[in-house]
Amino acid sequence: MPDLGAYAFEVSLAYAGSLLALGIVIWASVARAARVRRTLDEAEKRWSNKNG
Amino acid sequence: MSFWEYANPRRFMAVTDRVVGPSFVLAGVLITTGLIWGFFFTPDDFRQGSTVKIIYLHVPSAMMAINIWIMMLVTSLVWLIRRHHVSALAAKAAAPIGVTMTLIALFTGAVWGQPMWGTYWAWDPRLTSFLILFLFYLGYMALWAAIEDPDTAADLTSILCLVGSVFALLSRYAVNFWNQGLHQGASLSLDKEENISDVFWFPLLACIAGFILLFIALVLLRTRTEIRARRLHAITLRERSA
C-alpha cells in the first residue's frame, strides 16, 4: 500500500465510491441481460409449442 | 456491406455476440492495469500530493459522461431521421452508463476538491454544467420509463437528448468559455503544450482506453437486452390476443 499521507481518506473514498458505482452498473446490466434472455427463451418455447 | 445493415436487429445481434465478451475482458485488463499502475507506481504531485491519483478515475469518467451523451445524440438523430429501432434502443441502453460516469466524475471531483480547493462544491461553470448534464440523464431515463409506447418514448427522449446536448458540450468547453471558476483547464487536449507529465499520462491513457471499452461492452450488452425485451413484449402481446 503506498503512503497516501494526509489525503489517505479522500483518495480511498474516491476509489471505493467509483469502483462501487462501476460494479453496480456492470452487475445490473449483466443480471438484467440474463433475466430477459431466460424469460424470452421460455416465452419463445411456449409460443412455438402452442403454434407448432 | 453497408453500415446500415447493423440497423437490422438480427444482424446486430449476430455481430455483437462476438464483440461483447472480448470487450469486457480487455476493458477489465486495461482498467486494472491503469489503476494499479497509477495507484501504486506513480509519485505524488508536488502540489496535489496523493490526491493526484484520483485523476485516473475522474478524467476517464468525466470524458465518458460527455461522450456518451454525444453518442446518444447521434443515435437519437439516426432514430429521428431514419427510424431505425436499434439506434433508439442503443441511446436508451447508454443512458444508465452515462449517468454512472457523470456521478463518478462529480463524486471524485468533490472528494478531490475539498482538500485542494477547500470546498466540495462551487458554482463553477464546468461543475454546474456537469450537474445539469447529470439531471438531464436522470430526466432522459425517467422519460423512457414514463411512456408506454416505445416509439413515442423514443421520439420524446430524442428531442430531450438534442436539448441536453447543449449542456454536454458546455461541460466540455465551459473552462474555455469562461475564465472564472475554480476548475482548471483540460487535462487532455490536442494542443502541443504538455498538460500532464508522462509519468501520470501513460496509466491515465490505460484507464481511458479501459473506460471506453467498458462502455462499448456495456452498451452492446444493454442494447442486446433491449432488443430481446422488445421481442418478449411482442410475444406477450400476441399471446394475450390469441
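Using the three backbone atoms N, Cα and C, a Cβ is placed for every residue, glycine included.
Feature annotation from TrEMBL assigns domain 'Cytochrome c assembly protein' to B:16-183. Under the heading transmembrane segment, TrEMBL lists B:20-41, B:61-81, B:93-115, B:127-147, B:159-179, B:199-221.
Using a Cβ-Cβ cut-off under 8 Å and counting only residues 6 or more beyond its ends in the same chain, the transmembrane segment (B:93-115) has close neighbours at 49, 51, 54, 57-58, 61-62, 64-65, 68-69, 71-72, 75, 121-122, 127, 130-131, 133-134, 137-138, 140-141, 144, 182, 211, 215, 218-219, 222-223, 225-226. Among the stretches B:20-41, B:61-81, B:199-221, the one making the largest number of Cβ pairs under 8 Å with the transmembrane segment (B:127-147) is B:61-81. Under the criterion of 3 or more C-beta pairs below 8 Å, with sequence separation of 6 or more, the transmembrane segment (B:61-81) and the transmembrane segment (B:199-221) qualify as touching. If you look at the transmembrane segment (B:20-41), the same-chain residues 6 or more away from its ends with a CB under 8 A from one of its CBs are 53, 55-57, 200, 202-211, 213-214, 216-217, 220-221, 224. The average pLDDT computed for the domain 'Cytochrome c assembly protein' (B:16-183) is 93.
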